[in-house]
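This report concerns only the one structure given below.
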Amino acid sequence: LGRMKPVIVVHGGAGRIFKEREEGCRAGVVRAALRGYGVLKQGGSAVDAVEEAVRSMEDDPHFNAGCGSVLNEKGEVEMDAIIMDGKNLDSGAVSAVKCIANPIKLARLVMEKTKHMLLTDHGAHLFAQAMGIPEIPGEKLITERSRERWKKNLEPDSNPEEFQKDLGTVGAVAVDSEGNVACATSTGGLSNKLIGRVGDTACIGSGGYADNHSGATSTTGHGESIMKVVLARLILYHMEQGMSPEVAADTALDYMKTRAGGLGGVIVVNKAGEWAARFSTKQMSWATVKDDNLHYGIYAGETNVKSVDEALASEREGF
């Protein structure tokens with residue numbers, strides 16, 4: 001069995017990325033992809049790599065996950081996350097979690113330390129305590145920008161839908177040198193959402209899916225639409241029918257748009273290490289590393305390429 005060349009693909013959310021945030025979003029997905037790839041290069045598993053990449057974006061206030069998450073109707077952060085291992089279809093997810101820095105870490109613990117797949121709200125909180133995950137004050141996760149947006153959306157003539165366009169869920173997919181695939185997705189959800197709203201992210205097959213037999217995918221965009229078509233699993237189904245990652249992604253996104261009126265974006269890797277980053281929104285920040293080359297972009301049709309060494313050097317100097 002020839003060893004696989006590892007591949008990682010990450011996204012920082014589909015939607016509209018405002019000009020002044022572009023550089024930060026590009027830098028954030030590039031950093032996440034390089035970190036995930038670093039794990040793979042050292043022989044780490046696909047699961048380790050996607051967790052590391054997503055953790056990096058949860059800690060980056062440019063993204064709607066972890067620190068920087070949007071606020072619910074009451075002005076609080078409630079986060080969802082999922083991780084899945086394509087080797088045995090094990091998955092762990094959390095929803096409506098508060099006061100922890102990295103929901104993706106908690107999702108992985110759900111996968112590895114319980115017989116369950118999804119823990120929510122108070123139960124997830126008790127489990128986090130039992131696992132010794134440090135609690136942080138909710139305010140620590142709230143950025144000035146999230147609070148501003150929340151306030152704007154409370155105004156009587158506001159249209160929260162307008163603000164949903166820069167959604168910023170984060171995610172990663174990878175194939176490691178053993179040929180195992182994995183996915184991870186994390187989000188703060190929709191701005192001004194009802195308390196207790198669970199979106200696609202925490203739902204297996206919608207926010208993400210990974211199966212060694214076909215590949216792995218992580219999704220972003222309008223959660224309710226993604227759930228209606230079970231987007232992540234739909235893409236893998238198309239790949240099982242023989243479509244390339246790119247055609248499978250476009251076909252599924254197109255179906256979601258025509259059938260459910262929803263827009264979104266996806267990252268995909270198949271078991272052969274072919275990848276795609278596709279979106280029906282105006283923009284999606286994404287980055288991938290394969291064969292020691294980094295590719296990244298935000299706009300449709302945009303692909304920048306750097307060698308990993310070059311990228312790591314500019315990482316060290318600060319973008």
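Backbone N, Cα and C atoms are what each Cβ position is placed from, and that goes for glycine too.
Caution: TrEMBL annotation is automatic and unverified by curators.
It should be emphasised that the depicted structure is a prediction, and the values quoted were computed from it without experimental measurement.
Per TrEMBL, these features apply:
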ACT_SITE  Thr169  active site, nucleophile
BINDING   Arg197, Val198, Gly199, Asp200, Thr220, Gly221, His222, Gly223  substrate binding site
**Asked** Among the binding-site residues Arg197, Val198, Gly199, Thr220, whose Cα is within 10 A of the Cα of Thr169 (active site, nucleophile)?
**Response** Thr220
**Message:** Using a 10 Å cut-off on CB atoms, tell me which of the binding-site residues Arg197, His222 is the least crowded.
**Reply:** Arg197
**Prompt:** Which value in Å gives the longest Cα to Cα span across the substrate site residues Arg197, Val198, Gly199, Asp200, Thr220, Gly221, His222, Gly223 as recorded?
**Reply:** 16
**Asked** If you draw a 10 Å sphere on the Cβ of Gly221 (substrate binding site), how many other Cβ atoms land inside?
**Response** 26
